[in-house]
Each structure stands twice: as C-alpha cells, then as structure tokens.
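As structure tokens, the structure follows; a few thoughts come after it.
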Amino acid sequence: MTKEMPVIYIISDALGETAEYVSRAAAAQFSGIRTKIRKVPYVQDEIHIDEILEEAAKEQAIIAYTLVVKKLRNYLEEKAKDYGLRTVDILGPLIKMLADQTGLLPSYTPNVTHILDEQYFRKVDAIEFAVKYDDGKDPRGVLLADVVLIGVSRTSKTPLSMYLAHKGIKAANIPLVPEVSPPQELFRVPSQKVIGLTLKPDLLNQIRTERLRTLGLGSSADYANYERIVEELEYARGIMRKVGCPIIDATGKAIEETASRILEILYKGERNV
C-alpha cells in the first residue's frame, strides 16, 4: 500500500465544477492523504486532450472528465489507455441511462449549464426585487416590475410576490387602504401588468381575526371589523376598476393556484377573471 499523494486531472468542456465536486467528495473518504487536483476547463478538441494526457502521464494521474461530445470522450479513453492512465467518465453513464430510460436522444451540447446559471441569477434578482418593493415600500418598483399585485391587507400579496420571484418573475405589491391614495405610478403602467387580489369578506374577517390573536391583540380592532373589511374591499375594487386590471378572487385557493392564474393572465393577456 502507498500513501503517495494521488493526482486527479479534471478535463471538461465547461468549467469542470461537476467533476471537481465529485473528485473532492471521493478524496474526502480517505483520511491521512492529500489529493492534488488539476482542473483543465473548456477542452474542445483532440489536440488539447493530447497535451493534457501527456502531462498527466508524467504523474500517473487519474483522469476524471465531463465531456458531452461522444467523439471526444471516445478519443480521450483510447489515448488514456495508450498512456496506461485510469479514467472516470462522470457524465457519460448517467446520460446513457437517462436516454435508455426515456427513449430520448441527448443534445450533447457542451456547457449547457450556463442556461441554468442564468435562470438561477434571474431568480435571485427577482427575490431581491420582491423584498425591496414589498408592501409599497418604494412606488418606483411599480414601473420596474413584471407584475404588480394590488389588494387590501391579508390577500396574500407578499407570499404571491415571493412565489412568483422563485419563478423568475419580478413582482411588486401595493396595499390598498381607503385612507391612503395609491401611488400615481400605479396608473402609469399597462393595466395588463397589474393584478387585483380580493377575498370574500367572511374569510378575510377570519384571517385578520387570527392575525390579531397571534399578535396578542383584541379582535375588536377596526382591522378585523366586518363592516370595515367590506368598506376596504369595495374601495379596492373601485381602484382596480379604475386601473382596468384583471381581478382574481383568491377565496379557497392555495398560493400555488393563485400564482398559476396570475401567470396565465400575464402570458395569455386575459382581461377578465
């Protein structure tokens, strides 16, 4: 047995992070040894593979690779045999298994993960946007949003904004209160980008009463007063009519269901709900 420091060459047509994570996870299973990892990203041709394997052979390195182009994978395997190097194909077996399972052909597109990276950062931006422009904190967000949610308190504007943010949708929300005029920005955006949210007064009364109880406050406050709730809902509906936006009655609907309706409206341009 030897405790000689093993060397792993990471060869990838992208950044090589996948193979690096796997290699480090495997090496971590062996205490008392250190592992050298040499990562070579963006390998696109056979000449580059030749150069890498020539260097790897000097250290009798293990080759871990993520190459989606089959021709390059086959070439690497053959050349590695010539040098007596051991190889590990990180992606190939799983791609083949998925193809066998689904009956579909893989695209064999190198560096396709950048698409996922773009989706991830779009989601992060949308989440930060939702937090920044929640509950009418800054009315300028109305002009920047993909969608603006309006409604009285406790109609799920904030959770819906966050849910949509996780879909990459930038959502701002504005509370509608009879004593406070909505920001003028609300009337400057296209009405199809605004969604009105409402609930049946009985349900809203229950939700607000429970909210007060959770906060340790009495249920006699105007916030949970039935007549006050009806007044707020009528006021809000008037604002929604003035804006000319679709209105969703979220009574009895889960957040996911309401969000699905919002997305349908945005993508299909529906006017009446």
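Using N, Cα and C of the backbone, Cβ positions are placed for all residues, glycine too.
For G151, V152, S153, R154, T155, S156, K157, T158, the entry in Swiss-Prot reads ADP binding site.
Overlay of Swiss-Prot annotations on the structure.
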{"residue": "G151", "record": "ADP binding site", "Cβ contacts under 8 Å, 6 or more apart": "K157, N173, P175, L176, G196, L197, T198, A236"}
{"residue": "V152", "record": "ADP binding site", "Cβ contacts under 8 Å, 6 or more apart": "P175, L176, V177, T198, L204, I229, E232, L233, Y235, A236"}
{"residue": "S153", "record": "ADP binding site", "Cβ contacts under 8 Å, 6 or more apart": "P175, V177, R208, Y223, E232"}
{"residue": "R154", "record": "ADP binding site", "Cβ contacts under 8 Å, 6 or more apart": "L199, L204, I207, R208, R211"}
{"residue": "T155", "record": "ADP binding site", "Cβ contacts under 8 Å, 6 or more apart": "L197, T198, L199, L204, A250"}
{"residue": "S156", "record": "ADP binding site", "Cβ contacts under 8 Å, 6 or more apart": "L197, A250, I255, T258"}
{"residue": "T158", "record": "ADP binding site", "Cβ contacts under 8 Å, 6 or more apart": "D134, D135, N173"}
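Neighbours of the ADP site: apart from G151, V152, S153, R154, T155, S156, K157, T158, residues of the same chain with C-beta atoms within 8 angstroms of the site's C-beta centroid are N173, P175, L197. T158 (ADP binding site) carries a helical DSSP state (H, G or I).
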